[in-house]
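Contents: one structure, followed by commentary.
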Amino acid sequence: MLIFVGLGLYDLDDISLKGLQAIKEADAVFLETYTSVLTGTTIEQMREKYGKDLIILKRQDVEQKPEPILTAAKNGIAVFLTGGDPMVSTTHADLRIRAHEQGIPTKIIHGSSIVSAVSGLTGLQNYRFGKSCSIPYPAPKWFPKTPLDTILANLKQNLHTIVYLDIQENRYMSVHEGIELLEKLMEGSTDSIPLFVGIARAGSNSPVVAAGSSERLKLVDFGPPLHILVVPASLHEIEEEYLKNFAGYDPQ
């Protein structure tokens, strides 16, 4: 059996009791570290807490070479751990399909997701979000405009946008970097983004949430990762009041 377990957003305490029990009963435990990481803990602490060895997976291990995972699931109980929820803003549906095609039973144990956390921390109503996007670190001759196109298309439809910020090995994009990259993409055009909301360390005891113009957010110390960015559309009255009270938003 292959069991997908969501670890939640921040630290060891975010996992559900069901998820913890699944780990204890597992014959093999895999941890993917490329879609999200729990910055409130370490892999060593996780191994100690769970009493299990964790097999660390990179993107290519899951998307291109999943055979060790599937073999473990054929021979016993394999648990696949991921930050957040296993099937939200991930490509893990493909792994579940592969398992099903090989006759391997599967199960999902959900975890708290950044998608619901964003709505809770910002007060932006969840049904008003459009397509999300991701901002990658640019590479030589590669600086995709897709994130900006997605944001502008959502704004035209009066929809909010969740903007995921790049996660690389020992490198985590900040709110400031994300805004600066969007501004570079808008250079020489008439496009503009009047309002941003930056969030840091969702799920922790002291998350940072700040709303305002790009100039204001560049002055905010968001602190350590993980960060995420939101571009709101026009605000409903309750949304505006929420941001005023909990994100320091000043519409003036």
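Glycine is no exception: its Cβ is also placed from the backbone N, Cα and C atoms.
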> L9, D85, V88, S113, I114, L165, A202 bind S-adenosyl-L-methionine according to Swiss-Prot; which of H227, H236 goes with them?
Replying inline: H227
> Does anything in the same chain, at least 6 positions from V88 (S-adenosyl-L-methionine binding site), have a Cβ under 8 Å from its Cβ, and if so what?
Replying inline: S113, I114, V115
> Once the DSSP letters are reduced so that anything not helix or strand counts as coil, what is L165 (S-adenosyl-L-methionine binding site)?
Replying inline: strand
